[in-house]
């Protein structure tokens, strides 16, 4: 079935989880499959949540938090962090659009990339350690779900910025508002099923932040790329943690 073929495609492409499965894949499958990435986020988050529960039996919760974040990088291969770095190198170079796109494709790592990646990782760690441990497992499970929603929003609300082909083109060209609707439904079902306190409020903000982020990036370069989809994913996760902290803090 197309559903399982596309889900496996996303697991293979976006994670290091070893799944040996081969089938005929089209460029359209990549864009259509993007609707299913909240499920991929749930798989990643589920692994992280179980790992955290085991780690806190041995280590202090702050050590457990940093180890879980390292596990996240390992599970994803840093693919979205790479996109974050490339995006910041290009967008904040203060160059014309075409030069920005060239910088984003350059394999060399610039100062903006290093600062962006380090800042996001530190922010994620600091916020996690400030969250009430009673909520930690649920917060961790939903962390990659909120992030991957950002990729769907970004792809469905933008056009491809480069001339010619690129990996991001398949996602952006074929991820339509239909995929966005499916993705948001899956995202909402997962969010509410996990049962995080005030989850119905918290789940709205990653949608809004993703829209704001993609509008900003597309205004800078006239569209989006695969790197930008990854950048929005990572930034969305950090803004999600900020939202969780704020909502739980003011809840008292």
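Each Cβ is built from the backbone N, Cα and C atoms, and glycine gets one as well.
Copied over from Swiss-Prot, here are the features:
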TRANSMEM  36-56  transmembrane segment
TRANSMEM  59-79  transmembrane segment
TRANSMEM  109-129  transmembrane segment
TRANSMEM  133-153  transmembrane segment
TRANSMEM  170-192  transmembrane segment
TRANSMEM  199-218  transmembrane segment
TRANSMEM  228-248  transmembrane segment
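Listed by sequence, the residues of this chain that lie at least six past the ends of the transmembrane segment (199-218) yet keep a Cβ under 8 A from its Cβ atoms are 87, 91, 142, 146-147, 149-150, 153-154, 157-159, 161, 184, 187-188, 191-192, 224, 228, 231-232, 235-236, 239-240, 243-244, 247. Where the transmembrane segment (59-79) meets the stretches 109-129, 170-192, 228-248, the count of C-beta pairs under 8 angstroms peaks at 109-129. Tertiary neighbourhood of the transmembrane segment (228-248): same-chain residues 79-84, 86-88, 120, 123-124, 127-128, 130-132, 135, 139, 142-144, 146-151, 153-155, 158, 161, 168, 171-172, 196-198, 201-202, 205-206, 209-210, 213-214, 217, selected by CB-CB distance under 8 Å and a gap of 6+ residues from either end.
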